[in-house]
Amino acid sequence: MENFQLVLLLIGVIAIIGVLVHGFWSIRKQQPKEYKQSPMADISRERRDAQGFDNDGIGAVRVVKNTQQDDEPETIDDEQRDPLATETVTDAFELSGTPATKVNKTRVEPSLIPQESVFATDMPVQESLFGADEISVAAPVITEQAVRTEPEPRLQPVFKPEPQLEPVELKPDPIVEPAPKQEQTEELGEPRDVLVLHVVAKEGEELSGAELLPCLLTLNFKFGEMNIFHRHEDNAGTGKVLFSMANMVKPGVFDPDNMEQFSTQGVVLFMTLPCYGEALMNFSIMLNSAHQIADDLGGVVLDGGRDEWLESTKQNYIQRIRAQA
């Protein structure tokens, strides 16, 4: 792209130079010969009339020599010497090789004639610098007819009557209401296995209901059927139930309105197999919830047999899940 711009720039410069050269050549060709010659050539020439005066009205200096002093010219004071006359005398001595002729002893002063009479009578009229070929440019004459511009005729718009279209009654399309999505009810059948986790208080302590309720709400548990808490597919508490949490003490229910006065030895989290969704993902959520409750309330996580939760126990639960897949 840069090379293309450079080529265009060079072409433009060459075109401009060509136009300028052609213009100067055309102007030079149309000029008369008098324009081509220097107009100062004739002025620089020394012209003298019949009485010996040049264009400035200055005559040639006449040198008067004494008969007794032939070899010594008469000196003239610097104040009386005319600079133009001095230059003329100097040029005359340099160009002329012959000695000046002797004249009478008396000094003859040049008679000064008014310049107006000289120029009026004897001085030839100086020709025009441009000669007869002087170019006269005629100014354009503006006539009244040219000034008076005829008003343009106004064109009247021609409106063609459009054919009137008969109104067509547009019937609105019937609004098709989307059919309500029918929840896919999967028949899980009878549960074949149950995964159980216990969160119990330490020896001599109890789990406080005032601390348990905020923890359950943070973990997206929702109080529901059978008066226990459930964990649903959606965090807002909608969808299928993934797993549930009950009170470890009989009858195993909760009273949300009296949770501040509630206390228990522990809670139990359980998940049936098969279940809705991915069983491994559901078990991972249940295990993390159990650990979070134990950390917030100061409890301990145990397995279904109320034994200490170990990594081997976790692997055993995973194998049970895969067996039911």
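Using the three backbone atoms N, Cα and C, a Cβ is placed for every residue, glycine included.
Annotated by Swiss-Prot as region 'Disordered', the relevant range among 69-92, 93-116, 165-188 is 165-188. Shown for the topological domain 'Periplasmic' (1-6): DSSP residue counts in helix, strand and coil, namely 5 helix, 0 strand, 1 coil. Only residues 6 or more beyond the boundaries of the topological domain 'Periplasmic' (1-6), in the same chain, are considered here, and none has a CB under 8 A from a CB of the stretch.
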